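S.K.: Here it is: the structure, laid out below.
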Amino acid sequence: MSPSPFSTNVLRPSPLSYAIARQPARHNHYPLLGVGVGWFGSDSGRTGTTLFMFGPNSTLYIQRSPTRSKIVKRRTLFARLPCSPKLTQNSSSSFGSIELSSCISSTTMDQKLNVYIWDMDETLILLKSLLNGTYAGAYNGLKNVQNGVEIGKMWENHILQACDAYFFYEQIENFNQPYLDVLSHCDDDQDLSGYNFNQDGFGPPLDAINKQKLAYRHRVIAQKYKKGLYSFLNQDMIDAWDNLYALSDNYTDRWFSSARACLEQCVGRKRDMTPCLESADARDTNSQHVNVLVTSGPLIPSLVKCLFFRLDDLITCDNVYSSWEVGKLQCFSWIRERFNGPNVQFCVIGDGWEECEAAGNHEMAICQN
C-alpha cells in the first residue's frame, strides 16, 4: 500500500534546502480594518509582497508579508529568484490604505470585464515565510517561530506528496509549462479511462510524442482540479487538511481566509462587504470580474496550492500561469491577448519588480504600497 499523502513521514529527503539571508526589520503593529488582523509598518530594504483587503468606507487595505529571503533550493514549491531586481538598500514603503477606484476606472458605464491578476506566494498564501521563520520574526517575539516552521513543514510535505500521488509531479517536474492548455493542440482527445501513465514511456526528450503524453497528463490534472480535493482524498485526509488549514489560519491571524474573502469580493460574491464594487455594479449590472494567478513558482505545485488553500473555486485552472521559465512579462502578454477588448480593464495585485515592470509595459493598473 502506498503511503498516505498526509503521512507525517516524507517520501524523499527534505525537498527544500535553504540558505537564508536575514535582514533586520522594524515593524509597527496595528489592527487590520475590514477582514482579519495583521500588521502594517515600514522599514528599509524590505521586498515583501502585499495582501489587499476590503474595509469600511470603500477602502482597500494593504497587509504586507514578511521579507522575502534569498533561497537556494533543490526541489521547490516556490518562485524562481528574479535575475535583476530593481531594489536598493534605501528603498522604503509606507503602509495605509488606497482607494479601489485608483485601480479600476471610475468610468464604468461601458465596463464589461475586470481582470484581477494576482501574485501567489507571500501574497495570497504564506508558506516560505513560515518555513524560514520570517513571518513569526516580524512580530518580535509575539509569535512562536518554531510553531510556524512546523506548520510550514506540514504544508510543504502535504503539497509535494499530493503533487506526486495525484498530479504526476514526479514524472513531469522537469517539464514545467506556463499553463495547462499550452499543449492542448497535441492532445488527440483519446479516452484515458484505461490509460497507464506509469508505463507509457513518458520522458525526455520533449518531442512530439512526449508532448502528447504530457498533454494527456495536463488534461487529467485539469479534470481533478475542477472536481476538487473531495474527489480524490478520503475523509481522514480531508479532516487532516481541514485541521491544518484552521491551525494555519489561526496562527497567521486569518491570512488565508482573508485572502479568500478578498478574492470573493473582487468577483462580487460578497457585495455587501465591498462597497466599491457594489457601487460599480449598480452602474453596470453587466460587469464581470475574473481572478487570474501569475506565479513565479512551477505550475503543478501552484495548482495544488490553490486546491489546498481553498482558492480553486475562485481561480479556475485555466487562469493559473507559471512564469518560471518565460517571465511575468510574457504571461501578462498572454493574458492581455486572451482577455483583450474595448471594455476590459486589468488590475495587477502585487508589488514585486516583475509585476510592476510587466504592468507598466502593458499599461495595466497595479495595486501596490
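Here the Cβ of each residue, glycine as well, is placed from N, Cα and C on the backbone.
For reference, TrEMBL lists these features for the protein:
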type	residues	note
ACT_SITE	Asp119	active site, nucleophile
BINDING	Asp119, Asp121, Asp351	Mg(2+) binding site
ACT_SITE	Asp121	active site, proton donor
S.K.: Specify the count of other C-beta atoms within 10 Å of the C-beta of Asp119 (active site, nucleophile).
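M.R.: Taking every protein chain into account, the count is 24.
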S.K.: Among all the protein chains here, how many other CB atoms are within 10 A of the CB of Asp121 (Mg(2+) binding site)?
M.R.: 21
S.K.: With DSSP assignments reduced to helix, strand and coil, which class does Asp119 (active site, nucleophile) get?
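M.R.: Reduced to three states, the DSSP call for Asp119 (active site, nucleophile) is coil.
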